[in-house]
Each structure stands twice: as C-alpha cells, then as structure tokens.
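Trainee: Please read through the structure below; I'll follow up with questions.
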Amino acid sequence: MSLERTVVMLNEDDTQGRPLADLVKEAAKSIAPLWPISSFIARHPWMGLEGELFADAADRWQQVYGIDLYPPMTVFYTALKKGEIDPVFVERRLQSWLDKQSLPVPRHEAERLCRSFLWNDTVPEEAFSLPEMAQLAEGTQLRPMAVQPISKRLDQIAKRLDQQMIKWCKLFYDESGGTWTLPQREQGFYQAWRQLVVTDPSLSKDERKRFSGWPHDKHEALNYALEKLGIRDEDVVAYLEAHLLALPGWAGMAVWRSHRAGDEVGGLIDYLAVRLSIEWVLTAPHLPLHGEENGERRDVLPLLAAWFYWTGMTPEDWRRLRTNEQQARLAFADRFWRIDRHHLWLEAWEDTDEAKLKEAVSTRHRMSEPEQVAAQLLFCIDVRSEPFRRHLEAAGPFETYGCAGFFGLPIQTRVLDSEDVHPSCPAIVDPRHEIREVAPPEEVEPYRFRRDMFRFVSKTFKKMKQHVLAGLLLPEMSGPWLGLHTLARSAAPAWAGQVIRYTKKSVEQKPKTTLSLHYHEGDETTGLPIGLTNEEQVEYVKQLLVTIGLTSSFAPLVVVCGHGSETTNNPYASALDCGACGGVAGAFNARVFAALANLPSVRAELAKEGIVIPDETVFVAAEHITTVDELRWLEVPPLSEAAQQSFDRLKQALHDVSRQANAERMMKLPHVGGKPRDPVAEAQRRAVDWSEIRPEWGLAGNTAFFIGRRALTKGVHLDGRVFLHSYDWRDDPTGEALARIIAGPATVGQWINLQYYASTVAPHYYGSGDKTTQTVTGGIGVMQGNGSDLLAGLPWQSVVSSDRELFHFPLRLLVIIEAPSYYIERLLNENSEFRRKVENGWLRLSSIDPNSGAWMKWGDTHSLSVWSREMGIGK
C-alpha cells in the first residue's frame with residue numbers, strides 16, 4: 001500500500017450534511033458495549049470493524065491511536081523456540097503474501113527485505129554507518145494521517161479532560177446504591193452534568209464562566225463544541241472516534257446504557273456532548289493551535305537503513321529514484337515492519353496450531369463404543385467442559401454432547417421471591433419469555449423473613465459505610481468481628497468457606513421450588529409472557545435435540561448440565577460463569593430444559609415428528625462447577641428402574657472423574673508445584689481462598705470451535721482449548737441447524753476468543769491490568785486506583801502464567817465444521833455476516849468431509865477469496 005493510498009483512505013469519509021446521530025453511530029463502531037462486571041459478558045472489542053481486513057484495521061489502529069492488534073515479535077520468537085510455530089509455515093505464508101501484492105520493487109528485492117524483517121526485530125547498528133544516511137533521510141518523511149483531539153496536543157489539558165470525564169462518569173453511571181447520588185440523573189448524563197458543572201470547584205473561575213450561555217440541549221451542545229473547536233465536516237467521525245477511544249471503558253458503558261434504554265446512540269451523544277464541551281472550555285485559551293495539525297512526523301532513518309543494509313541498495317541508487325518511488329519504498333517497508341510481518345507470524349502460528357489439531361483428530365485412538373449407553377450428558381460448549389467430558393467417557397458407558405449452555409432457551413429468569421430478572425441467554429439474543437421459580441405461599445413468607453434477616457446485616461453495614469457520621473463509628477463496631485473473619489479466611493480458608501455457606505443455607509432454608517413452564521399473561525414490568533405455550537415447549541426441545549444430533553437411541557438417563565463457578569473475593573466471578581446465560585450460572589436453564597423434556601405433552605408431539613423418547617428415559621438437571629470440576633445435582637425427578645441404575649452408575653464414576661479432571665487442570669496453574677497430592681482439595685482451597693488470584697484459568701487457551709459429531713474427537717486430548725458443539729449434518733438437510741450454531745454459539749465463541757486475544761496483545765488498553773491493584777467502582781466495573789478508565793477486559797493474571805510467560809495463545813478462533821463442502825458453500829452464501837468474518841480474517845474456517853475425512857481450509861485474509869484452499873493444510 002502506497003503512502004498516497006493511505007492518505008486517501010483516512011480522509012475519504014465525507015460527512016457533510018449527515019445527521020448528528022448518524023455520525024455518532026459511525027464513530028461508535030470503534031468501541032464495543034461494556035456490561036456491568038456483575039454480569040461479565042465477553043465482548044468483541046472490534047465488532048464494528050469487521051467490514052475491514054483484520055490487517056488493515058490493525059494498521060489504522062496503530063497509526064492513528066497507537067494500539068497494537070498483534071503480539072510483539074518477542075512473543076512470536078518465544079513461540080518459535082517452544083515449537084509452537086513451524087518455520088516452514090512462516091516461509092510459506094511469506095511467499096503467499098508476496099504473490100498477492102502489487103510490489104513497488106522487483107520481487108527478489110522485496111523478498112530479501114521482508115524475510116530480513118521477519119527474522120530480525122531490530123535493524124543492526126552497522127546499518128546506520130553510512131555518513132550520508134542522515135542527509136538522505138532528512139528530506140523524506142512519513143507521518144500518520146490521524147485526526148487527533150485538540151486536547152491531545154496539549155498534554156496537561158488531555159490529562160485534565162480525562163480526569164473530568166472519569167469523575168463525572170463515576171457519579172452518573174454509579175449503580176452501588178450509594179446514599180448520595182448525582183442529582184437529576186433521570187434527565188440524562190448531559191443534563192445532570194450541565195446543571196452542576198457551573199459550580200465545579202475543580203474548574204477555575206474563568207473556566208466556569210465559559211459555560212455561561214452554553215447550550216442545554218445535548219445535540220446543540222455537541223454541534224456547538226465541534227464548531228468552536230474548528231473541526232471540519234469531513235473530520236467529524238474520526239474526531240468523535242478518537243474521543244471515544246480515549247476512554248473506551250466509560251464510552252462502552254455509555255453504549256450499553258443506550259442499548260438497554262432502547263436508544264441506540266442517545267447515551268453516546270450525552271457522553272460526547274459532555275466530553276467535547278469540557279474540551280472546549282479547557283482548550284479555549286490556546287486556540288487556534290498552530291504547527292503540525294495531525295501529529296508528529298515519523299523518522300524514516302531506520303527504514304532507509306534497512307533498505308540499504310538488507311537489499312544492497314546504495315545511496316546512489318536511492319538518489320536516482322523519483323520522489324514518488326522513494327515514498328513507495330518507504331511506505332512498503334513501513335507497513336511491512338509495523339503490520340505485515342506480525343500478521344504473517346500470526347498466520348504461521350495459527351497454521352501450526354491447526355496442523356497439530358488435524359493430526360490429533362486424524363490419528364486419534366478410536367474408543368470402542370459401548371453396546372448400551374447408560375447415560376447421555378449435555379454439557380455447555382465451554383472449553384472447560386472438554387477435559388471433564390473426556391474423563392467421563394473413559395470412565396464408563398456414557399455419551400456426552402455439547403451445546404450452548406442456555407440450551408436454546410431465550411428466557412429471562414426470576415428466582416424465588418425476587419424483584420430482579422436476568423436475561424439468561426446470550427447477549428446477541430433477546431429474551432422472549434420469563435420463567436419464574438415458584439413455591440407455595442405458606443412457604444414463601446417465612447423464607448422471605450429468614451432471607452431478609454440474613455441480608456439486613458449486609459445492607460446495614462453497607463449503609464453505615466456510605467454514611468458520613470456512621471462511617472466513623474463503623475470500624476470500632478465491626479473491628480472484632482471483621483478481625484476474626486479475616487483471621488479465619490486467611491488461616492483456614494476452606495473451613496471458613498464451609499462455615500459461611502452452611503450458615504447462609506441453614507438460615508435461609510430455601511423451600512423446594514417449581515418452575516412456571518406454562519404460558520400465562522405477560523408481566524406488568526417487563527412485558528414478556530410468563531412461561532411457554534405448548535407449541536413453544538415442543539419447538540425449543542426439538543430444536544436443541546435436532547441441532548446436537550440426539551434424535552434417537554436415547555439412554556435411560558439424560559443429564560442436562562449447566563455450568564457455574566465458585567470463587568471468593570473475585571470481582572470477575574461472573575466471567576467464570578456461563579457466557580451463554582448472560583454471565584451467570586446455567587443451573588436455571590438446565591432445570592427448565594430438563595423439565596420441558598420430561599413433559600408427556602412435549603414427548604407426544606415430538607413422537608409425531610419422529611423423535612421418540614422412551615418412557616423409561618428421564619431427563620435430570622445438574623450443574624458442572626468448573627472451579628472444582630464437580631457435578632452437582634439440581635433436580636432429580638422420580639426415576640424409572642433403568643434410569644435409577646444408570647444414575648447410580650454415573651454417581652459412582654463421578655468421584656474419579658472429578659479427581660482426574662482436577663489433577664489435569666491443577667498442573668496448568670502456577671505455584672501448584674507439579675501434580676498435587678490431592679487435586680480435589682487443592683481446587684476446593686482455591687475456590688474459597690480470598691487471596692487467590694487464579695482460582696481457575698477460565699477460558700484461557702481457547703483456540704478452536706468444533707462443530708460435528710463427538711465420535712470425531714472422542715478420546716482426543718484437546719487440552720481444554722476447544723469449544724465442542726455437537727452436530728450431525730445428516731439430521732440437518734436444510735442447513736438450518738448449522739446456521740443457528742454459527743449465528744449463536746459460534747459468534748459467542750468468537751467474542752470470547754477475541755476478548756482473550758485483545759487482553760493478551762494489548763493488556764494496557766483492552767485488558768484490565770494487575771488484579772491485585774484494582775478497585776471496584778460504582779457496582780459496575782473496576783479501575784486501577786481511584787481514577788482510571790473503566791477497565792473492559794480481563795486481568796493480566798487471566799492470560800499469563802508469569803510476568804514473562806503467556807498462558808493464553810493469542811490466536812484467532814478456528815471454526816471447524818464436519819459437513820460436506822456444499823453445506824459450507826451454502827452457509828457462506830446465505831450468511832453474509834459470517835462470510836465477512838471469514839473473508840476479512842476475524843476468524844478462521846475449516847471443514848472436515850464426513851465421508852473422506854479430508855480437511856479443507858476456507859477463506860484467506862489477503863485474497864478475499866472464500867473458496868481458496870491453500871497452505872498445504874489438509875491436502
């Protein structure tokens with residue numbers, strides 16, 4: 001790509017005459033919604049950029065905002081030394097890339113330069129030894145074509161602007177229920193801020209005076225600020241984008257609030273109106289700015305030295321080139337050094353990883369299938385289920401299936417006697433029904449009394465802590481109790497955790513509940529119908545069973561396993577729960593699906609459609625606790641004789657399965673010191689130890705999403721790195737089930753993958769830093785200290801095993817589909833969004849032919865050809 005092309009790309013967006021909301025919506029593509037940390041949902045930080053090639057987005061992000069979307073070269077070289085990258089794939093990727101480029105120089109010259117860049121992280125000192133080098137570089141400069149905020153060119157003012165925004169955002173977005181809240185919050189962020197800012201003591205008298213006559217309408221204020229700052233129409237989108245990326249966490253919270261309120265950009269207009277209004281007030285005395293408008297020029301001396309040193313070009317050769325030829329060479333070298341070499345190393349790493357996975361699947365030891373399956377278990381696709389499923393299948397005549405952990409139920413849930421509801425489905429799915437826990441009224445009343453008594457202590461403590469006068473007395477009153485609590489939690493965490501759980505359970509004594517499965521009128525507050533109609537009950541059960549290929553040969557016992565986690569003193573607890581259930585445990589959904597599948601009316605209708613569930617088959621609900629790899633029973637209805645035998649056999653096997661799965665998992669955690677003597681006890685200690693920063697690895701290490709029959713991967717040690725979604729193409733002649741998997745679970749898997757990827761490659765920006773120095777703020781998220789951006793990603797401890805070693809491999813998700821090639825072609829032709837992800841390199845796609853076993857690679861991040869099958873993988 002030439003320098004001239006770069007200039008055109010960054011200035012081609014003509015915004016003149018477009019409505020303000022459209023401009024804000026366009027700028028908002030640069031950020032992603034940020035959910036409150038209490039229901040942590042993996043977010044794809046670049047979901048608005050998927051219309052661009054991954055490499056082009058990385059180029060723009062680095063040039064304009066200084067954000068790297070690739071791992072540093074040291075990470076690639078370390079992976080190479082460990083055998084995680086095959087150098088053959090590096091060379092193969094280089095040749096493929098060169099074949100597709102319009103090169104500004106002869107092929108052999110470009111190849112020498114690029115290969116040198118690939119294998120050297122710095123230009124050697126001797127390359128700068130030519131005396132005329134500096135003189136040649138002086139007249140040739142490159143600079144990033146960026147539209148930067150006015151305030152960013154005034155360093156101290158930029159810091160003050162961020163401090164002001166953090167202060168006001170903390171006040172407005174607070175959900176902690178504090179005693180003192182921001183007045184007039186109900187009128188919106190801009191209105192509440194506008195009425196108070198004129199008395200803000202952190203602003204000088206002159207700065208407060210500048211707000212005199214400032215618009216009270218947010219739309220007028222944003223337009224007025226852009227005008228006063230002198231932003232040209234064609235630069236407005238880029239200017240707003242830069243402001244959103246200055247504090248992407250708080251801006252992401254504004255996006256989430258807007259979406260929750262049903263207003264796509266209203267909250268962002270509020271946010272930007274406040275930010276740009278403050279910016280003008282702080283920068284007004286310095287306007288207009290003179291000098292470089294779009295940032296500092298970049299020195300090209302290292303690039304020039306590289307050309308001379310690695311290609312053999314001489315100063316005389318350089319002088320004979322025309323100016324545009326010099327620019328083209330420098331732009332080529334600059335882009336390859338900053339972006340393309342990283343991209344080729346990343347692709348080579350991904351190719352190596354895929355080749356290893358292909359070999360493992362192709363050479364697997366085929367486990368003998370049991371003559372009669374005792375139990376079938378439905379697990380979430382979560383990568384943490386893979387080791388547990390593998391050990392369970394080896395322990396007896398048990399089959400496992402994988403599906404999204406919400407079990408295809410678009411519901412919001414309300415636990416017994418609660419005013420709160422939770423959307424227990426993926427963030428990309430809108431709830432259509434509400435399911436409630438219910439119990440006899442005579443049992444609910446005493447339960448409410450006991451529960452409220454237990455909560456009263458916590459609420460009183462919180463209110464006293466937030467009260468001006470009571471807060472002074474609190475340390476004296478609570479000191480002895482908190483001292484004992486601290487001692488117990490620190491010296492005997494396992495014992496203390498058991499005592500606290502037992503006490504809570506004993507005091508509350510929650511009655512046995514049933515579920516509101518059957519339809520009746522909608523709720524007054526949410527408008528959603530409570531329960532499901534008979535047709536909906538049948539459809540949801542059928543849809544899941546068909547999708548995972550479980551339509552016949554039912555075992556006497558079918559276990560529906562949600563999953564959750566147990567940790568202590570962990571702000572990121574919800575990040576370890578089920579993402580498909582909106583960041584909470586999947587127990588509720590498991591109970592609902594099992595109950596639906598046991599309904600005689602549902603089974604009768606399913607039988608009419610060819611899905612015959614035997615009378616002896618019973619569905620039961622369980623929960624896989626990933627922190628301790630334990631299966632806990634949630635609801636076990638009366639069992640048939642055959643189901644009871646299967647149940648007893650499964651229970652007997654679970655102890656060893658848990659021990660083996662924990663042993664495998666504990667060995668990956670740092671500071672365990674090899675294989676622990678009692679892996680179950682070690683896992684349980686980590687779950688209740690409030691000083692433990694890594695109770696488990698979560699979904700770190702995820703790299704692939706497999707869609708196909710379990711028989712293809714059964715017995716393969718996938719190391720807890722692969723999402724496993726059951727699918728049988730033979731039960732899906734129209735491809736509808738595959739399309740649902742791609743649109744739902746696979747998309748969520750991609751979000752999770754890119755959340756971990758971003759937190760690994762740009763931890764300072766997309767991660768959340770050191771877990772031990774974080775502060776929970778406003779009940780919505782975490783900050784570093786008491787005045788930072790709202791941190792949107794994962795803590796450093798979630799992706800690294802030490803300060804010098806990554807645990808998570810930053811690879812883009814590989815989706816593998818077991819289906820004939822025409823299924824994949826149909827999917828790509830009908831699903832333009834998924835096709836765009838593949839074409840532009842935001843995920844990778846391969847397929848396995850179910851008849852021949854051939855492994856086929858689809859798509860290419862440079863050629864944009866969905867049908868390319870190259871790189872030698874699967875041939």
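The backbone N, Cα and C atoms fix where each Cβ goes, glycine too.
Residues annotated as Zn(2+) binding site in Swiss-Prot: Cys380, Asp382, His563, Cys578.
Quick one: where do these features end up spatially?
Mentor: Taking Cβ-Cβ distances under 8 Å and a sequence separation of 6 or more, the neighbours of His563 (Zn(2+) binding site) in its chain are Phe379, Cys380, Asp382, Arg384, Ser385, Gly405, Asp577, Cys578, Ala585, Gly586, Glu623, His624, Ile625, Thr626.
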Trainee: Look up His563 (Zn(2+) binding site) in the DSSP assignment and report helix, strand or coil.
Mentor: strand
Trainee: I want to verify one value. Collapsing DSSP to three states, which class is Asp382 (Zn(2+) binding site)?
Mentor: coil
Trainee: Which number gives the other C-beta atoms within 10 angstroms of the C-beta of Cys380 (Zn(2+) binding site), all protein chains shown included?
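Mentor: The answer is 29 other Cβ atoms.
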Trainee: Determine which residues of the same chain, besides Cys380, Asp382, His563, Cys578, have their CB within 8 A of the center of the CB atoms at the recorded Zn(2+) site, and list them by sequence.
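Mentor: Other same-chain residues near the Zn(2+) site: Phe379, Ile381, Arg384, Ser385, Gly405, Gly562, Gly564, Asp577, Gly579, Ala580, Cys581, Gly586, His624, Thr626.
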